[in-house]
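*Asks:* So that we are looking at the same thing, I have put the structure below in structure tokens.
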Amino acid sequence: MSKVVHVAVGVITRASEDEACQYFLTKRLEKAHQGGKWEFPGGKVENNETVAQALARELKEEVAIDVLSCQPLIKIEHTYRSKEGDEKGDKSVCLDVFIVDNFTGEPSAQEGQGQGWYTLNELEKLDFPEANKTIIDKLVERSL
């Protein structure tokens, strides 16, 4: 059984000119696990911090924003299977996902990867890691 990686994820939102909600995404570096796919920014929770502290630290490091407040959205546990179909899986994650709609700064990817603001309809057309698809489903559910 693989070790579970605990990750804090931020669904960074803003209203656009036409009032449609937009979501900030970054593209995973090609060399990374699930490389080349789009994702909501975030990162690993360290042993000495809360999920909220990890989220604030990771979003400051990755996209240069300061989180003023956030609200829990969903918790997801997912195992990515190895390409050979190995039952052990190649990586297990536990994603604590938060809506981040109160922040300072303009999000900007700090690691040289792609980035952008997308509407919910646009999100459904992008390539995400499997675990992130559950986040999109939850956002669709909230918008109904």
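Glycine is treated like the rest: Cβ placed from N, Cα and C.
OK, TrEMBL features for this one:
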type	residues	note
DOMAIN	2-142	domain 'Nudix hydrolase'
BINDING	Arg28, His33, Glu39, Phe40, Pro41, Gly42, Asn132	8-oxo-dGTP binding site
BINDING	Gly42, Glu62	Mg(2+) binding site
*Asks:* Taking the Cβ of Pro41 (8-oxo-dGTP binding site) as the centre, how many other Cβ atoms fall within a 10 Å radius?
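*Replies:* Its Cβ has 26 other Cβ atoms within 10 Å.
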*Asks:* Taking just the CA atoms, what is the gap between His33 (8-oxo-dGTP binding site) and Glu62 (Mg(2+) binding site) in Å?
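*Replies:* Their Cα atoms are separated by 17 Å.
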*Asks:* Please report the Cα separation of Gly42 (8-oxo-dGTP binding site) and Glu62 (Mg(2+) binding site) in Å, rounded to an integer.
*Replies:* 7
*Asks:* If you count other C-beta atoms within 10 angstroms, which of the binding-site residues Arg28, Glu39, Phe40 is the most crowded?
*Replies:* Phe40
*Asks:* What is the average pLDDT across the domain 'Nudix hydrolase' (2-142)?
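*Replies:* A mean pLDDT of 89 is what the model gives the domain 'Nudix hydrolase' (2-142).
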